[in-house]
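Asks: From TrEMBL, here are the annotated features:
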- 1-16: signal peptide (SIGNAL)
- 103-447: domain 'Peptidase A1' (DOMAIN)
- Asp121: active site (ACT_SITE)
- Asp331: active site (ACT_SITE)
Amino acid sequence: MSLFWFLFFSAHLAIASSLKDSGLKHKQPDMQLKLYPMTSLKSPPNSTSLLFAYMFAKDEERIRYFHSRLAKNSDANASFKKVGPKLAGIPLKSGLSMGSGNYYVKMGLGSPTKYYTMIVDTGSSFSWLQCQPCTIYCHIQEDPVFNPSASKTYKTVPCSSSQCSSLKSATLNEPTCSKQSNACVYKASYGDSSFSLGYLSQDVLTLTPSQTLSSFVYGCGQDNQGLFGRTDGIIGLANNELSMLSQLSGKYGNAFSYCLPTSFSTPNSPKEGFLSIGTSSLTPSSSYKFTPLLKNPNNPSLYFIDLESITVAGRPLGVAASSYKVPTIIDSGTVITRLPTPVYTTLKNAYVTILSKKYQQAPGISLLDTCFKGSLAGISEVAPDIRIIFKGGADLQLKGHNSLVELETGITCLAMAGSSSIAIIGNYQQQTVKVAYDVGNSRVGFAPGGCQ
């Protein structure tokens, strides 16, 4: 972390700490909403190459965060509930235009309903969005900031509630209590040093006009610092009792599916995928190949699967089976897939052997070290297929749009990287594939051709 970021976050963490006893009270009774413009270090750059570097730096911090989480114990408890009907598919779009390598949906909140641009994150257990009066800080966002006082159904959650007690398992931070209002105060922090601090709240959630939840528990952020682009907040879909998934599972079942549309190759494309919550989103089950979800005692909220092998152009990589045996997470919030270093090294060597017959290699860019001189469209035509195989025969079959990215005009790179002790299946490799999380039956499935 640079000295600027260290001093910046240290200062704001100190402010946040000082507010724990004051209950986030306003500085002045007539305080106006403050939306502070993001500096060049906080806002996504304009050029394509700098935007990729920005997102990859954020990606690397997230990986370090997962390393840290796996090294610690957590007492989070999963919540499994009964089967219910399916929610209608909600349009899911690339966040590149808003400076995010993740994907977003429009989430309705409050009475009357207002819609907000929310990142979908399977690695987060807690949902939050920026709220007026932005007592400390709100970044520039896509939509008008949520105004709790304008919602007839909004209320804060008291410190004595079970939801407040559950915050530590969802955010890995202890909740605090406002002495003035007895409202529960949360802090959600992330691997890239971003965080949100505010009141634990409850209001009406609307995903479609006919699909609502009257008592959705979420965070109403008064201090929101970091790299969220221009999105309004985060939807947590991890396996935890405070996640949106668990809160909806009583009505719809403990499952969801999504299809992520192509992003980097067509950042301004109108194409969209979908997010669907409910057990009926898994149908037809015959279209999926499933792999078991694994339990990790340190992090029961994350989605772990068993990586078994990888092929390039139909040939298995020449690595020991033990090389694959590291904790493997499937995650919508990580962009680039990380593979165990011996596996990645062998994969890239096989890839280079095939592509270098026609395309000259280029220097690496950012964390991507395997690059070629040529366009994505041209190289994709001759690029070898990569097949990532999981326990039970489920697999991801990667064509050029899932394995290559054109970072600069005429420079195309393999969109994967090595990792020392964990593997993460990132969202770039999940593009256009329908991914089903059958949490109630502890399995994840993949079906090709879910969207474009």
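Glycine too: its Cβ is placed from the backbone N, Cα and C atoms.
Note that the structure is predicted; figures quoted are calculated from it, not measured.
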Asks: Quick one: average pLDDT across the domain 'Peptidase A1' (103-447), no decimals.
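Replies: Mean pLDDT, the domain 'Peptidase A1' (103-447): 94.
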Asks: How many other Cβ atoms are found within 10 Å of the Cβ atom of Asp331 (active site), counting all protein chains shown?
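Replies: I get 23 for this one.
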Asks: What's the number of neighbouring CB atoms sitting within 10 A of the CB on Asp121 (active site)?
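Replies: Neighbour count, Cβ to Cβ under the 10 Å cut-off: 23.
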Asks: Between Asp121 (active site) and Asp331 (active site), find the distance joining the two CA atoms and give it rounded to the nearest Å.
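Replies: Distance (Cα to Cα, whole Å): 7 Å.
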